[in-house]
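Report on one structure; see the data block that follows.
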Amino acid sequence: MQNRPIIIGVTGGSGGGKTSVSRAILSHFPDEKISMIEHDSYYKDQSHLTFEERVKTNYDHPFAFDTDLMIEQIKELLAGRPVDIPTYDYTEHTRSSKTYRQEPQDVFIVEGILVLEDKRLRDLMDIKIFVDTDDXVRIXRXIKRXMEXXGRSLDSVINQYLGVVKPMYHQFIESTKRYADIVIPEGVSNTVAIDLLTTKIAKILEEARNSK
């Protein structure tokens with residue numbers, strides 16, 4: 001492993017394709033030590049609240065995340081030390097008692113809707129990516145995902161999108177585009193942008209090896 005891991009931040013609105021872009025990067029480097037860390041793993045522990053209070057959680061607001069812990073653990077990984085990353089129980093709307101061990105890698109993809117919102121987290125990143133997708137495309141994906149995977153009704157998904165997801169996107173997420181080094185319109189279907197990005201990452205990895 002090289003001396004310091006490369007940290008790549010990938011953000012964008014819910015349903016915008018950031019996870020697909022992250023997976024495209026992962027698949028492009030099958031022989032590298034590369035892992036993805038999701039901001040969603042760091043939703044705050046809400047075990048002190050009643051279930052009725054927990055179900056009202058606004059998961060698209062910065063306050064929902066324990067970003068302090070994420071920053072602390074990324075710093076540990078940068079120092080070459082393993083960490084135990086939390087997991088979140090969406091059924092109970094609180095942090096699970098389970099964790100998973102993340103070993104040091106050469107590259108980490110830090111993915112989530114608000115990973116560019118906190119300057120302390122941005123400052124740890126070598127490449128910052130914003131996946132820019134039209135509202136109409138994002139809501140169509142969100143409806144499909146929530147109805148097929150979570151069994152939710154069309155009305156409930158649309159109401160959540162209009163009442164929470166869309167306003168939070170425009171209040172907190174869209175503005176972080178200005179911090180991005182690379183903006184990828186239309187996500188993973190933009191093969192030119194993906195090719196340019198993976199070429200840049202490969203160059204950074206090669207330079208790191210040659211500097212040893």
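All positions are counted from 1 along the displayed chain.
From the backbone N, Cα and C atoms, a Cβ is placed for every residue, glycine too.
The annotation ATP binding site is assigned in Swiss-Prot to G12, G13, S14, G15, G16, G17, K18, T19 on the grounds of sequence analysis.
For the binding-site residues G12, G13, the largest tally of other C-beta atoms within 10 A is found at G12. Neighbour list (K18 (ATP binding site), Cβ cut-off 8 Å, at least 6 residues apart, same chain): V10, T11, G12, E111, G112, I113, I129, V131, G187. The DSSP secondary structure for T19 (ATP binding site) is helix. All chains included, 24 other C-beta atoms sit within 10 angstroms of the C-beta of G15 (ATP binding site). One way to see the shell of the ATP site is to take the Cβ centroid of G12, G13, S14, G15, G16, G17, K18, T19; the remaining same-chain residues with a Cβ within 8 Å of it are I113, V131, T133, R138, R141, G187. Fewest other C-beta atoms within 10 angstroms, among the binding-site residues G16, G17, are seen around G17.
Long-range Cβ proximity for S14 (ATP binding site), meaning a same-chain Cβ under 8 A and a gap of 6 or more residues, is found for D60, I113, R138, X142, V165, Y169.
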